[in-house]
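Feature annotations, courtesy of TrEMBL:
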type	residues	note
COMPBIAS	1-15	compositional bias 'Basic and acidic residues'
REGION	1-36	region 'Disordered'
ACT_SITE	Asp101	active site, nucleophile
BINDING	Tyr156	substrate binding site
DOMAIN	194-296	domain 'Pseudouridine synthase I TruA alpha/beta'
Amino acid sequence: KSSSEAVERLEENGHQNKRLKRDADEDDAEDQNKKSPKRKIVLLMAYSGKGYHGMQRNVGSSQFKTIEDDLVSALVQSGCIPENHGEDMKKMSFQRCARTDKGVSAAGQIVSLKVRLIDDILEKINNHLPSHIRILGLKRVTGGFNSKNKCDARTYSYMLPTFAFAHKDHDVQEEVYRLDEETLKKVNKLLACYKGTHNFHNFTSQKGPRDPSAKRYIMEMYCGEPFVRENVEFAVIKVKGQSFMMHQIRKMIGLVIAIVKGYAAESIIERSWGEEKVDVPKAPGLGLVLERVHFEKYNRRFGNDGLHEPLEWTEEEEKISVFKEQYIYPTIINTEREEKSMVNWLNTLSIHDFSSSAVGIQANNKNAK
């Protein structure tokens, strides 16, 4: 009897020891979480998109590397999020403000997520990121904040060599070409046509003319003064819109280039907003950069409530400019020189059929039969 009591006592002690150890571990974890509680934040990101298949992560598809693959890995390694959150991004309420396509860069991308607010958080995340991806800023936001839904507008820039605007009938030497005032005025007159709300179904794939989501609102679009880099003249087109569909900006610019070069009539822009299918060329992705995202409504409501900061990044402007000069512009210029993406694309413009519509082509085929 006494021996069985002794065994029971030992077992009971063993259970107690386990329980005490478990309680102690839980207390440690609780203390750790008290020190670094989970909070909803936004991160200001800049990255050079060359070599990546866009921003958005493709879970289970490791051969297509994305910006988010590197970001999530850095968040886990720095201790901001638990490892299982990396496998299921919903667990950290992750949301990107804009999806950028393959090869597209960003100077002011915003992502929202819940993280542990550890000490020196930005430095620790950046230590686990490659130098061409940087977290430049962090702000606390409301618990229900969603960077995609709360965004009022997005501003993109598109950097291109100005010889893209040279008329097709002129023999042009790329390094010698300089954009004249008259052509720049014409470019800006055409870009201004996009302002307002239009049906952009011809500027993306998989949207029909009667799809309500093909209607988009453009606030401004213009081309700035040209400048010379590495003996080649470049210019930057800026466009601000409520939201954009896949390939929309590249096609908007592609169509303007086709008109200025003399391949298409100016009337094609108006025609493209109608129901008929119009052949709209897509400019290369290389020069496209997500410049900034705007949260005007959120800032008015929460920016001065005493608890949250407005989502403005004036203090980070210097860092953004330095990053662009160091990683984004040199990548665009050097890749253009080595791979000649704009030159090669310009050579394809002659094979587009800008005069016929899909309806017209069908009618011609019937008549031929």
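Yeah, the Cβs are placed from backbone N, Cα and C, and that goes for glycine too.
Values in this document were obtained by computation on a predicted structure and should not be read as measured data.
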In whole Å, how far does the CA atom of Tyr156 (substrate binding site) lie from that of the residue listed as 'active site, nucleophile'? 12
Have a look around Tyr156 (substrate binding site) and count the other CB atoms within 10 A of its CB, chains all included. 24
Is it possible to get the count of other C-beta atoms within 10 angstroms of the C-beta of Asp101 (active site, nucleophile)? 17
